[in-house]
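Chemist: Starting off with a structure, shown below.
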Amino acid sequence: MKKDIHPDYVVTDVTCTCGAQFTTRSTSKGGSIRTDVCSQCHPFYTGKQKILDTGGRVARFQARYAKKAAAPAEADADANANADAK
């Protein structure tokens with residue numbers, strides 16, 4: 001391997017705004033990193049994530065084209081009713 005091409009890894013303390021701290025290795029020169037979110041406070045990892053299903057794209061597509069499919073059927077029904085009346 002070539003010498004002096006690899007970064008120096010230093011022991012780094014990571015501190016989250018929630019107060020959680022852990023130690024890892026990083027190439028950051030300060031030896032300390034501050035984060036806004038970590039695995040102890042992120043909703044995905046804590047199980048507090050809220051999944052909102054407001055009708056997906058498929059449901060909106062089906063609703064939109066159900067109206068268009070119903071319109072010609074109503075027109076055919078009106079035409080049949082007019083033909084029967086004559």
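From the backbone N, Cα and C atoms, a Cβ is placed for every residue, glycine too.
What TrEMBL shows for this protein is this:
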| type | residues | note |
| --- | --- | --- |
| BINDING | CYS16, CYS18, CYS38, CYS41 | Zn(2+) binding site |
Chemist: Least buried of the binding-site residues CYS16, CYS18, CYS38, going by other Cβ atoms within 10 Å?
Modeler: CYS18
Chemist: Using DSSP and three states only, what is CYS16 (Zn(2+) binding site)?
Modeler: strand
Chemist: Looking at Cβ-Cβ distances, which residues of the chain lie under 8 angstroms from CYS41 (Zn(2+) binding site) while being 6 or more apart from it?
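Modeler: Listed in sequence order, they are CYS16, THR17, CYS18, ALA20.
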Chemist: Taking the centroid of the Cβ atoms of CYS16, CYS18, CYS38, CYS41 as the Zn(2+) site, which other residues of that chain lie with their Cβ within 8 Å of it, listed in sequence order?
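Modeler: Sorted by sequence, the hits are THR17, GLY19, ALA20, THR35, ASP36, VAL37, SER39, GLN40, HIS42.
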